[in-house]
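Reviewing the structure listed below.
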Amino acid sequence: MINRFSIEKVKGLEIIDSRGNPTIRVFVRTNDGVESFGDAPAGASKGTREAIEVRDENGLTVKRAVDIANYIIDPALHGIDVREQGIIDKILIDIDSTENKSKLGGNTIIATSIAALKTASKALGLEVFKYIAGPRLPKIPIPLLNIINGGLHAGNKLKIQEFIILPIKFNTFKEAFFAAIEVYRNLKGLISERYGKIYTAVGDEGGFSPPLEETREALDLIYTSINNAGYQGKIYMGMDPAASDFYDPKKEKYIIDGKELNPTQLLEFYLDLAKEYPIVYLEDPFEENSFDMFGELQNKLNSTIVIGDDLYTTNIKYLKIGIEKRSTKGVVVKPNQVGTISETFEFTNLARRNSIKLVTSHRSGETEDNFIAEFAVGIESDFIKTGAPARGERTSKYNKLLEIENKFGLEYGGKYFYL
């Protein structure tokens, strides 16, 4: 039955992301003229099981994705109630009919799915996070700030992709976030002093990429910056090795810090680091099929949360394996990895039922849209990972969280977080 919530138009638009690469924005409009949009982000380091993007000319355009939105998705969703997220996403999945979303494109599908959700919340006069959360009052997640970059995110010799700080022991998000900024500023000064001002330029996610070669060099810089800022015992450390990127499958070895390590040696390497530094977060420490090694490491690191990103790719099929093997205490949530909001909800609900912590994450290729911040609050994610406190496409998410806390008085999750 056609009503004011019925979808009247779906329209695609080619835009650019924060790396200057093309991506797709999809608009969804109701019969009442209410309209919103969804943007498709893109990762630099991708799991092999992620939804496939539709791109043309060696990735230089997304014209085909725009055509798919305009000529296939538009008529398919015409007249559907925009509040029916499950029905909308099922139609998209059925039309695509592939396991990896390669027909319509994961980018086209997720942009449409996000646009539908945002339009529905707007039509109902609700904030996006409130529309997702329902009657419960969620908490603001703990931010994971990626302040030193390595791996595929940088041009230095560091193999670890992200070195992270976590401001945990604070009463409010604002307090926590601005304390983290103090550490970021201290780090900038330290890098400038030791390596030269040229190395304080920021990378794709707003972090620094000083000319470092070994993991401990980066950890020492961050540890010193935390202490200099006076936040020892309140701001902790984490890493995202993205280990698939420095794994040699032929040798079955990990190439890191000038050494070739087998999985057991790499595990010992992480255990040593956890003894030396206040590391409470470790994401993708092994290559993406190593469910057992993830579990062994998690079992030995009681005070550190081992997280699966490429291990799961926000896919319930792989999460079930991880649950059975007790691989991790946490999962990364990236809606564009699986392709629809409904499938993302299935994933987060299963994780929650099994007491697994949620880490809602941006991608390295982002836009200025702050949807992922609202999404993180709405699902009451334990953490949010959206880069350093620099670059507009990163700060837009943090500013949205500050606004939500100020306007709605939500409590900060870090206040209740115990290691």
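Each position is counted from 1, following the chain as shown.
Cβ atoms here come from the backbone N, Cα and C positions, even for glycine.
For reference, Swiss-Prot has these:
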BINDING   Gln161, Lys334, Arg363, Ser364, Lys385  (2R)-2-phosphoglycerate binding site
ACT_SITE  Glu205  active site, proton donor
BINDING   Asp240, Glu283, Asp309  Mg(2+) binding site
ACT_SITE  Lys334  active site, proton acceptor
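Features as recorded by Swiss-Prot, highlighted on the structure.
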residue: Gln161; record: (2R)-2-phosphoglycerate binding site; DSSP class: coil
residue: Glu205; record: active site, proton donor; DSSP class: coil
residue: Asp240; record: Mg(2+) binding site; DSSP class: strand
residue: Glu283; record: Mg(2+) binding site; DSSP class: strand
residue: Asp309; record: Mg(2+) binding site; DSSP class: coil
residue: Lys334; record: (2R)-2-phosphoglycerate binding site; DSSP class: coil
residue: Arg363; record: (2R)-2-phosphoglycerate binding site; DSSP class: coil
residue: Lys385; record: (2R)-2-phosphoglycerate binding site; DSSP class: strand
Q: Pull out the recorded positions from the set Glu205, Asp240, Glu283, Asp309 whose C-alpha sits within 10 Å of the C-alpha of Lys334 ((2R)-2-phosphoglycerate binding site).
A: Asp309
Q: With Ser364 ((2R)-2-phosphoglycerate binding site) as the reference Cα, tell me which of the recorded positions Glu205, Asp240, Glu283 is the closest one.
A: Glu205
Q | the residue listed as 'active site, proton donor' as reference: those binding-site residues from Gln161, Asp240, Glu283, Asp309, Arg363 with C-alpha within 10 Å of it | A | Arg363
Q.
Over all pairs within Gln161, Lys334, Arg363, Ser364, Lys385, the annotated (2R)-2-phosphoglycerate binders, what is the largest Cα to Cα distance, rounded to whole Å?
A. 17
Q) Taking the Cβ of Asp309 (Mg(2+) binding site) as centre, how many other Cβ atoms lie within 10 Å? A) 26
Q. Ranking the binding-site residues Gln161, Ser364 by other Cβ atoms within 10 Å, which is at the bottom?
A. Ser364
Q: Measuring Cα to Cα, tell me the gap between Gln161 ((2R)-2-phosphoglycerate binding site) and Asp309 (Mg(2+) binding site) in whole angstrom.
A: 13
Q: List the other residues in this chain whose Cβ sits within 8 Å of the Cβ centroid of the Mg(2+) site residues Asp240, Glu283, Asp309, in sequence order.
A: Gln161, Glu162, Pro241, Ala242, Leu282, Asp284, Ile307, Gly308, Asp310, Val332, Val359
Q: Round to a whole number and give the Cα-to-Cα distance in Å for the pair Asp309 (Mg(2+) binding site) and Arg363 ((2R)-2-phosphoglycerate binding site).
A: 12
Q | Cβ contacts of Lys385 ((2R)-2-phosphoglycerate binding site) (under 8 Å, same chain, 6 or more positions away) | A | Pro143, Leu144, Asn146, Ile164, Val332, Val359, Thr360, Ser361, His362
Q) If you draw a 10 Å sphere on the Cβ of Glu205 (active site, proton donor), how many other Cβ atoms land inside? A) 28
Q.
What are the sequence-distant neighbours of Glu283 (Mg(2+) binding site), meaning same chain, six or more residues apart, C-beta distance under 8 angstroms?
A. Glu162, Gly238, Met239, Asp240, Pro241, Ala242, Val306, Ile307, Gly308, Asp309, Gly330, Val332, Val359
Q. What number of additional C-beta atoms lies within 10 angstroms of the C-beta atom of Lys334 ((2R)-2-phosphoglycerate binding site)?
A. 27
